[in-house]
Amino acid sequence: MGKNNNPRDLALNVINQVFNEEAYANIALNDALKQSNLTALDKSMATNIVYGTISHKMTLEWYLKPFIKKTKKWVKNLLLLSIYQIVYMDKVPDNAVVDEAVKIAKLQGDKRLSGFVNGVLRNFIRTERADFSQIKNETERLSIQYSMPTFLIKKFTNQYGKERTLAILESLETPSKNSLRVNTNLVDFDSEFDKLDSRFTVGKSKIASTAILADTGNFAVTDDFKNGLITIQDESSQLVAPAMEISENDKILDACAAPGGKTVHMAEYLKDGHITALDLYDHKLKLINDNAERLKLSDKISTEKVDASKAFEHFGGEVFDKALVDAPCSGMGLIRRKPDIKYRKETTDFQGLQEIQLSILENVGKTIKKNGIMVYSTCTIFDEENFQVVEKFLEQNEDFEQILITNEKEDIVKDGCMMLTPELYHTDGFFIAKFRKK
Ligand SMILES: C[S@@+](CC[C@H](N)C(=O)[O-])C[C@H]1O[C@@H](n2cnc3c(N)ncnc32)[C@H](O)[C@@H]1O
């Protein structure tokens, strides 16, 4: 079997990049899948192994620890992804996992180590599996059981208490749903729902009227996606555009816009209005333009490479009717979809992120007209980047007041902000606050 058509070998190469070189899992996996000639079924298996192994990394290391001393990084990664299959993938027989691991060790060019891999895995299978209850310290136990660094367990517990923390951790263990948004400019919601319903198992969202949900299905390759009738957007983030109170002639600034998921949603509300979408990088602006083109909304959107914390210097004061600051954040609400986030050191400087978020809000705020609306959103569920930002922004900017957000689902509203934790509706974790310029 050649390298390019072995799903486990591909998974190992991606995991090596993520664990050894801090690559982003989604990018490394997409690149590897594109270059491979795997069947759709094998692609899905490789994807499952990559995300499963990353998601359960700390648990798998704990399982593996009694069986090895020191070994090469790729060998350890191969053992981790094999133990993932043994423990979590019921349909794959243990013997097949071992045989495949041995084959991959040989493929990686090391016959001697293939014997070692064989021995460790056979030993692991023979030995009774360790039980989490033997870890006496509760924080450590939760950390190993849910593969979450202890400082995050502590942060969750401090903010949400034990019971809700457990519910959040449990909910992060179950897979994300596919969440689609219907482009109601091009097609009626109900007819698109019926059409998708005839081909996939789909359902409606409990929180976003534009969302269609599905457990499985690769919607990015469908004609309806390519033709812009549907797009892929989490239910929680579909709540942002409706919160903006958009009028069809509004001039809107989307300050942190790429890849443009919310830009295109807001643009659907416009007739003669226009959105200026900013980001820091050309390749990211291209993603916004691609999205706008696919959804047939290019005439309503222009992109500019401008630092949002210097928007006022670039555009001047009182120019826009509305602004969205969908700020750079730790992304801790996306752990279910992007499990590598929980191990990344650069996303844990919550105070540093808060400073950036406040400086963007303050500067963008100056570009809004009197009575203009500014919405602040993040995909994180920690207070430093959410309620503390709202509080400090209002303290430091007396020309703004908070508009209290309401929703018929009271459990997603807290202190006038929308606050979705991942266990409530099995969405991404998400936060929305709303301000008006006096
Ligand atoms: C949370 S993402 C935005 C997601 C986007 N609103 C959507 O719905 O698809 C944050 C974006 O802000 C950009 N960004 C970070 N700092 C920025 C800054 N100072 N000015 C403008 N964009 C910035 C990042 O490159 C990233 O693309």
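Note that Cβ sites are derived from N, Cα and C of the backbone, with glycine treated the same way.
Automatic prediction, not curation, is the source of TrEMBL annotations.
Taken from TrEMBL, the feature domain 'SAM-dependent MTase RsmB/NOP-type' covers 168-438.
Counting only same-chain residues at least 6 apart in sequence, those with a Cβ under 8 Å from the Cβ of Gly260 (S-adenosyl-L-methionine binding site) are Ala277, Leu287, Ile288, Asn289, Asp290, Asn291, Ala292, Ile301. In three-state terms derived from DSSP, Gly260 (S-adenosyl-L-methionine binding site) belongs to neither a helical nor a strand segment and is classed as coil. Under the heading S-adenosyl-L-methionine binding site, TrEMBL lists Cys256, Ala257, Ala258, Pro259, Gly260, Gly261, Lys262, Asp279, Asp307, Asp326.
The annotation active site, nucleophile is assigned in TrEMBL to Cys379. Secondary structure at Cys379 (active site, nucleophile), taken from DSSP and collapsed to helix, strand or coil, is coil. In sequence order, Ser236, Ser237, Cys329, Gly331, Met332, Gly333, Leu334, Asp428, Gly429, Phe430, Phe431 constitute the residues six or more apart from Cys379 (active site, nucleophile) in its chain with CB-CB distances below 8 Å.
Annotation for Cys256 (S-adenosyl-L-methionine binding site): same-chain Cβ neighbours under 8 Å, separated by at least 6 residues, are Leu278, Asp279, Ala308, Val325, Asp326, Ala327, Pro328, Ile360. Note: Ala258 (S-adenosyl-L-methionine binding site) has non-local neighbours Ala277, Asp279, Tyr281, Lys284, Leu285, Leu287, Ile288, i.e. same-chain residues 6+ apart with C-beta under 8 A of its own C-beta. Note on Asp307 (S-adenosyl-L-methionine binding site): other Cβ atoms within 10 Å of its Cβ, all shown chains, come to 15.
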